[in-house]
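Participant: Next up is a structure, given as structure tokens.
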């Protein structure tokens, strides 16, 4: 199976799994490779897991580094009230062990290893003592993970049709699926779920259910009717008044889902029938222009000085203008009233974003998509572009703010943007063109320049772009040229190496362009920059450096003045080369460790950022956006938190379907979310506020049994929570938490 998974960054290079070496403690256990995984997720899993499912690393385990740092942190107190750094200050009556006892220290929950959620560096031949790896044979050599589905597969020609009038099966007599509906219902699928009052959430919302007879709630929208000949026929029920009109005839658009790309468009991309004239023209010009720039830069200084005026004029004449200028962009706005939900791999799925928008998130991003699979038409990558209709509504703004962009029209703005990754300019440029063409509801296209994942970094994408500023500028400039009215933004880190920040230079380049291109081409056109206050090397260890973010914010604030200084006094810059023209405002967003409204306000006021992007804080408590809006800490009860989990389950069934596959998919992503959400410590049992994202609690009990259950770090308890809304797991279902070396495998029923 792994041989069929392409490299999403560089297709010409095959993915290699690490060799079997010494058995190590797993920091990130094997994850199942599923068809619906995005390209980068599939590739990560291939490179991360050994032949026997064992991770191999040539670096010191991240968990060990974290433990060492915590020991150093815990040795000092942060205030006069003996608040110990790194330990959540829980009131004494809720502690399971007396304060100061050894049990109190031993009973602390283990540190959540957020680095384990990222890929571990792969090993090499030395990890296996130089021995040649024995190649496994057979098509099922990687079938070590769980799966879920119906025992008997019902043919699609029957799945949504009345019993006596199915559609014509395109496979005819050679079809291997079941066509006997009653046999399928009796033997092929599990019984109906009794959750959600035994009513199908999809049918309740749309008046129809796309899963048809495969639905785990099919009894709520089907009946048996008597025909004239006396036979009893099974039929599906539809509520015509509640049925929604699908977009472009695509059934996937039900349930308030937008940005659904048609199967025809994806097939045209896969078969290279889609023309990308703008991208081809621009990349051809870019290649020729780069050759001339390289030729000039390779001249020795004395050669340049010896050039005659005529030779200099001839060199200038060799430069060819770009084939076209960018279109003027839609104005966008970031402000204190627009907190941003970060692009979250795996966790940033549509149901979770929908929940966050409901709780006050004003701007959202898709999960990071790889550029090559996008313009190759891969279904799993285009699925990341789907958004809920609540994400295409305008963000909430304060119209009285003096910093608001000139000519900004809030009614034309929306919340949802997408993020892509690429390691070559042509990849990013092509992806930007097809996204602006096929995705109608798109606020921005963000280029990821901060992803620390080893697979992405090693091949020149993600945070590796921070060490290739010229290439990064070409990407932004090219994307800006072909994206129509959709603005281009970038998300960066402080740098790749700890103690050697490069973000100031990167920001200056994104704002003005490099010295070699600034005079001829103007600004690259980056509309906004988000800075994560850590280096790639730090990953998620140590606190985000907001003092450095503030230093970068000061540079961005001087952007307009410096832009005027660099502008020729005779010629005004072309508005099409500037973000948010006519004033050319560059927005700046900070990112890192925001976990309360106090953190948010502090960063806005003291770091002088336009807005703050929230990541792990929102995963642990998605009502953080509500706290920011109200300006207070909210002590959510256990029942309220359970309602959010129920909403996620409902939204998941609406997004992924209510059949066995959809229920399993919803269960999987709900468990992924609970692996973060269980870290929340209720505000009402803390001695000190605001809470810190880096604090971990000692062993404690909640104010009631449900609160204690929600705080459990045992994945079996997470399974119990899921079963409240999704019923018992399929016998083949497995779950392996990202942050722990354990897994769940349900015992066979009966």
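A Cβ is built for glycine as well, from the same backbone N, Cα and C atoms used for every other residue.
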Participant: So Swiss-Prot lists 343, 344, 345, 491, 532, 591, 592, 593, 615, 616 for FMN; which of 406, 419, 427 goes with them?
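Facilitator: For the FMN site that includes 343, 344, 345, 491, 532, 591, 592, 593, 615, 616, Swiss-Prot also lists 419.
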Participant: For the feature zinc finger as recorded in Swiss-Prot, pick the matching range from 30-54, 80-104, 155-179.
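Facilitator: Per Swiss-Prot, the stretch marked zinc finger is 155-179.
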Participant: Can you say which of 265-291, 292-318, 346-372 is given as region 'Disordered' in Swiss-Prot?
Facilitator: 292-318
Participant: Let me spell it out: for each of the binding-site residues (345, 591), count the other Cβ atoms within 10 Å of that residue's Cβ, using every protein chain shown. Which one has the most?
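Facilitator: Counting every other Cβ within 10 Å of each candidate, the maximum falls on 591.
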Participant: For the FMN site as recorded (343, 344, 345, 419, 491, 532, 591, 592, 593, 615, 616), determine the largest distance between any two Cα atoms, in Å, rounded to the nearest integer.
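Facilitator: Between the outermost Cα atoms of 343, 344, 345, 419, 491, 532, 591, 592, 593, 615, 616, the distance is 21 Å.
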Participant: How many neighbouring Cβ atoms, not counting its own, are there within 10 Å of the Cβ of residue 616 (FMN binding site)?
Facilitator: 20
Participant: Any idea what DSSP makes of residue 491 (FMN binding site), helix, strand or coil?
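Facilitator: For residue 491 (FMN binding site) - judged by DSSP and reduced to three states - the answer is strand.
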Participant: Taking 10 A as the limit, how many CB atoms besides its own sit near the CB of residue 451 (active site, proton donor)?
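Facilitator: For residue 451 (active site, proton donor), the 10 Å Cβ neighbour count is 24.
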Participant: Neighbour count, 10 Å Cβ-Cβ cut-off, for residue 593 (FMN binding site): what number do you get?
Facilitator: 23
Participant: Work out how many Å separate residue 593 (FMN binding site) and residue 451 (active site, proton donor) at their Cα atoms, rounded off.
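Facilitator: Cα-Cα, rounded: 17 Å.
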Participant: Return only the integer: C-alpha distance in Å from residue 591 (FMN binding site) to residue 451 (active site, proton donor).
Facilitator: 13
Participant: Could you give the number of helix, strand and coil residues in the zinc finger (200-221) as assigned by DSSP?
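Facilitator: For that range the per-state counts are 13 helix, 0 strand, 9 coil.
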Participant: Just to be sure I understand the packing, how many Cβ atoms besides its own are within 10 Å of the Cβ of residue 491 (FMN binding site)?
Facilitator: 24
